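For reference, TrEMBL has these:
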BINDING   Asp16, Glu195  Mg(2+) binding site
ACT_SITE  Asp16  active site
BINDING   17-21, Arg29, His33, 61-63, Trp65, Arg67, Arg176, 182-184  substrate binding site
ACT_SITE  Asn64  active site, proton acceptor
Amino acid sequence: MSKDISIPKHVAVIMDGNGRWAQSRCLPRVEGHRKGVEALERVVEAAAQRGVKTLTVFAFSSENWRRPAAEVTALMKLFALGLERWRKPLSEAGVRLRVIGDRTGFSSALNETIDAAEAATAAGSKMTLVIAANYGGRWDMLQAAQAAAAEGELTMEGVEKRLCAAELGEVDLLVRTGGERRISNFLLWQAAYAEFYFTDTLWPDFDGEAFDDALAWYVGRERRFGMTSEQLRKAG
Ligand code: FPP
């Protein structure tokens, strides 16, 4: 698929199904997360190649702390290892990395690893990879509203510009793998007008071809932003 006007600028992904992928093979859930990292690497490459400008992935929700401690620890370890491993290839590929979420929940070592990865890739202009970690859409809206109120700008625009990574714009296409059809407190504000693509494919099985299927589906959608089809046709 070539770079095209119909390519969504901002794609968000809920990478679901790692646990089921592992359990169906009698493997520990962590093995599914490990395979999930490989799937993420494939999709980052595909998204950058297709001309997506921002790819935001849900790596760890504010609710994921409720999982068994060993799984939480393993996820944190994979996150830190990934950040270290991706620094060089991402900067070489022109991909800027950003981490969004409540970073007060992370160890100082992990925060340093995040800072280092963001700094090493800061010059990337081809695509921004946003990793949402200890992120929740309600938390994001609340922190933005609190900051806006504190600075005397409690308006729609005032809140919007204080959301995490506000400068990266609204989500055009939200993909959820793993068969569930819900938003799970992901980018609640930013996805207000997103097109939602759901697939039963489990995240570890997701690849560039599956990503292209989502893009092809998106091309067929008519985004009306509250207007009628006729208004859109007239506007050209
Ligand atoms: C959902 O699958 C996945 C997660 C909670 C974690 C997502 C993590 C990765 C894709 C790998 C790690 C990536 C980084 C950047 C650390 P699930 O465990 O809820 O699957 P299930 O619904 O089948 O149980």
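Here the Cβ of each residue, glycine as well, is placed from N, Cα and C on the backbone.
All TrEMBL annotations are machine predictions without curation.
Annotated features taken from TrEMBL, shown on the structure.
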residue : record                       : CB count, 10 Å
Asp16   : Mg(2+) binding site          : 23
Gly17   : substrate binding site       : 25
Gly19   : substrate binding site       : 20
Trp21   : substrate binding site       : 24
His33   : substrate binding site       : 23
Ser62   : substrate binding site       : 19
Asn64   : active site, proton acceptor : 16
Trp65   : substrate binding site       : 11
Ile183  : substrate binding site       : 17
Glu195  : Mg(2+) binding site          : 18
DSSP three-state assignment for Arg176 (substrate binding site): strand
Contacting binding-site residues for ligand 1, chosen from Arg176, Ile183, Glu195 when the Cβ sits under 6 angstroms of any of its atoms: none
Arg176 (substrate binding site) versus the residue listed as 'active site, proton acceptor' - Cα distance in angstrom: 17
Neighbouring C-beta atoms (10 Å sphere around the C-beta of Arg176 (substrate binding site)): 24
Assigned conformation of Glu195 (Mg(2+) binding site) - DSSP reduced to three states: strand
Cα-Cα distance linking Asp16 (Mg(2+) binding site) and Ser62 (substrate binding site), given in Å to the nearest integer: 15
